[in-house]
Amino acid sequence: MTGRGKGGKGLGKGGAKRHRKILRDNIQGITKPAIRRLARRGGVKRISAMIYEETRGVLKTFLEGVIRDAVTYTEHAKRKTVTSLDVVYALKRQGRTLYGFGG
């Protein structure tokens with residue numbers, strides 16, 4: 001790096017993008033068996049067919065909130081990498097304290 005400081009390529013040509021943003025609904029990656037395993041862990045014996053889409057929706061809403069808060073902590077600290085502590089603080093802010101990851 002030649003005197004550009006901390007953060008950014010400066011002016012001029014930008015390099016090739018390393019990560020492309022895929023614009024599809026990744027929530028379908030939470031498979032039916034994965035939801036079934038989570039339910040089994042919670043003690044559920046039988047699962048209605050409508051539960052799967054409902055669970056995906058609730059999970060997406062929950063994760064959007066946690067990720068938004070974690071990214072806010074990251075941006076405030078002028079970092080580009082979200083750390084485990086950012087997630088711990090985001091969960092704590094939402095009233096779901098998580099132990100075992102520092103903080």
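Every residue gets a Cβ built from N, Cα and C, even glycine.
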Item to check | The annotated DNA-binding region range in Swiss-Prot, which must be one of 17-21, 92-96 | outcome: 17-21
Checklist entry - Including all protein chains shown, what's the count of other C-beta atoms within 10 A of the C-beta of K92 (N6-glutaryllysine)? => result 13
